Amino acid sequence: MNDKLMLMIPGPTPVPEAALLALAKHPIGHRTSEFSNILAEVTENLKWLHQTQTDVLTLNVSGTGAVEAGIINFLSPGDRILVGSNGKFGERWVEVGQAYGLNVEEVKVEWGKPLDPAVFAEKLQADTQKQIKAVIITHSETSTGVLNDLESINRHVKAHGEALIIVDAVTSLGAFNLPVDAWGLDIVASGSQKGYMIPPGLGFVSVSPKAWEAYKTAKLPKYYLDLGKYRKATAKNTTPFTPPVNLIVALHTTLRIMKEEGLESIFARHERLKNATRAAIQGLNLPLFAADSSASPAITAVAPQGIESDKIRSLMKKRFDIALAGGQDHLSNKIFRIGHLGFVSDRDILSCIASLEVTLTELGYEDFTPGSGIAAAVKVFSQS
Ligand SMILES: *Cc1c(COP(=O)(O)O)cnc(C)c1O
């Protein structure tokens, strides 16, 4: 059957009908009071989502552009930075730092394992000259399904006193508790096609007062991504450049939906989706790629033995129109990833696991009793 696509990749994520309808409207002028009013509410609700009183700025970029803006506005050529690297995205921030001539120290861990806060503590404590200007952490490493212990790493950054903490929160914001002010996070970047439940095209950056101080002396070149321009415009409920008007109108809708659900419920739902997915995968005797103690609430990576991941993905797509994500780089065809971020319900996981059981059976995998994945998921869903 056609036209029944179910996106279970970690972005773009599914979009609720109310947001699709908002996208279908005629664009309105972005220099009108009608648009300003929408933007004002969007900005207020972004602050609510980030649990912050500081600035949350909206840019017409994908998530990478948001993180890049979060780096280049606060640093100068040659600045020493530490970058946590345990997957595709951590590696990307190393590359961005190098592209801008920063003195990047990569704090590397094998893909699938979490970053070790003790290593950051050691490096930060040893830096008595306060030369480390920033620490960049990917909170939820989407390529592996690992949630890094940002709270602990950030404590060590705070103890250092000088370094800014820059967070790629692209698949943790809106899925996991990330209290920007309570934790004192300086820069938090995210993207619209993940937890925000709208299509790709917008990036978001929150900026602390300490980061704005650093902005004053930062010398890396910038123009379109100069966050000072966005700060000034946002204060007047406008934008420095033409925004994707319809995406903002759709975001206005999904932020209201999120507020209605409430932060606690949103986090609890993602926790439940993660637990059910992981229980089901174990019920199917398939190995999970990340440990329980560092599992992302947004994405579960599975490392099947003896069956190619891409065969599972292509049959899931063909037979059930369910899109799963594959592995990247050396994990290509070695893992598949089930996204459960954003507009995802318990029912979606049940459909996905039942379809996976059929798919595995058709591919000749017999190391499970039919129904055992579903039974494990049902157990999680009926307990919570
Ligand atoms: C999706 C994602 C990004 C941003 O990717 P874009 O393709 O630029 O939107 C950054 N970090 C993580 C962890 C992501 O999952």
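The count begins at 1 with the first shown residue.
Note that Cβ sites are derived from N, Cα and C of the backbone, with glycine treated the same way.
Taken from TrEMBL as is:
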- 28-329: domain 'Aminotransferase class V' (DOMAIN)
- Lys194: N6-(pyridoxal phosphate)lysine (MOD_RES)
- Arg337: substrate binding site (BINDING)
Original post:
Using Cα coordinates, what distance in whole Å links Lys194 (N6-(pyridoxal phosphate)lysine) and Arg337 (substrate binding site)?
Top reply: 15
**OP:** Give the three-state DSSP assignment (helix, strand or coil) for the residue listed as 'substrate binding site'.
**Re:** strand
